[in-house]
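Notes follow once the structure below has been shown.
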């Protein structure tokens, strides 16, 4: 219904600015529906980190609530998505807990019980003497062109991480049909392994000195888990056996690099 309405009213698509040789197409405005629904245009503002986008357009379906409570903002300059202070790391676990650690640091640094409690319950921009949600002028302007955190990995390292990331997805798909046969301990162990794998991939991208050793352990853990599930190692032409061979070779590779104290110094971080 809405799509048909868009086509009829010609509120179709617009082309945003060209980036890296690609054109990104987005839905522009939806005419009168902009006054009622949380349209794509309104929702883009909600996810922006431009100063004018902060704390705006909370409505899930209807935008009328934001208009009533003065949290509405129409889309203006090009929206830059992400956090006010973008993450500069690849560690998924740290990404889940870094803000709690930041709040804990504020609680420790502030004096007085009232200030300590305010650091927990008030907005992220709050500081003693400032409004509940902080000051808008404290929000940094978005630099143009936008600089994204990245790692300058050798092609073989990037390809390795990509392949093993895809293997993790395949392994998860193979495990799902047997989830009812797993004990709670086995299920939790598998989840921990998947999270551990993502953490190791992040360490490799971040050029951590201990990342080759972590990858050796990850490959050996996979072989142990696979052996416990299958009950034996049998090399035959099957997906399971192919996975065993890949992880054995990977473990040998990173063991060799670890024993040689492989220098990751040429893997440096850069801003692109």
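Don't overthink the numbers, they just go from 1 along the chain as shown.
Placement of Cβ uses the backbone N, Cα and C atoms for every residue, glycine included.
Because TrEMBL annotations are produced automatically, they should be read as predictions rather than curated entries.
Listed in TrEMBL for this protein:
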type: DOMAIN; residues: 31-71; note: domain 'Fatty acid hydroxylase'
type: DOMAIN; residues: 159-226; note: domain 'Alkylglycerol monooxygenase C-terminal'
type: TRANSMEM; residues: 153-176; note: transmembrane segment
type: TRANSMEM; residues: 182-204; note: transmembrane segment
type: TRANSMEM; residues: 216-233; note: transmembrane segment
type: TRANSMEM; residues: 239-260; note: transmembrane segment
Counts by DSSP class (helix H/G/I, strand E/B, coil) across the domain 'Fatty acid hydroxylase' (31-71): 20 helix, 3 strand, 18 coil
Counts by DSSP class (helix H/G/I, strand E/B, coil) across the domain 'Alkylglycerol monooxygenase C-terminal' (159-226): 61 helix, 0 strand, 7 coil
Cβ-Cβ under 8 Å with the transmembrane segment (153-176): same-chain residues at least 6 beyond its ends: 182, 190, 194, 197-198, 201, 204-205, 222, 239-240, 243, 246, 250, 266-267
Taken over the domain 'Alkylglycerol monooxygenase C-terminal' (159-226), the model's mean pLDDT: 89
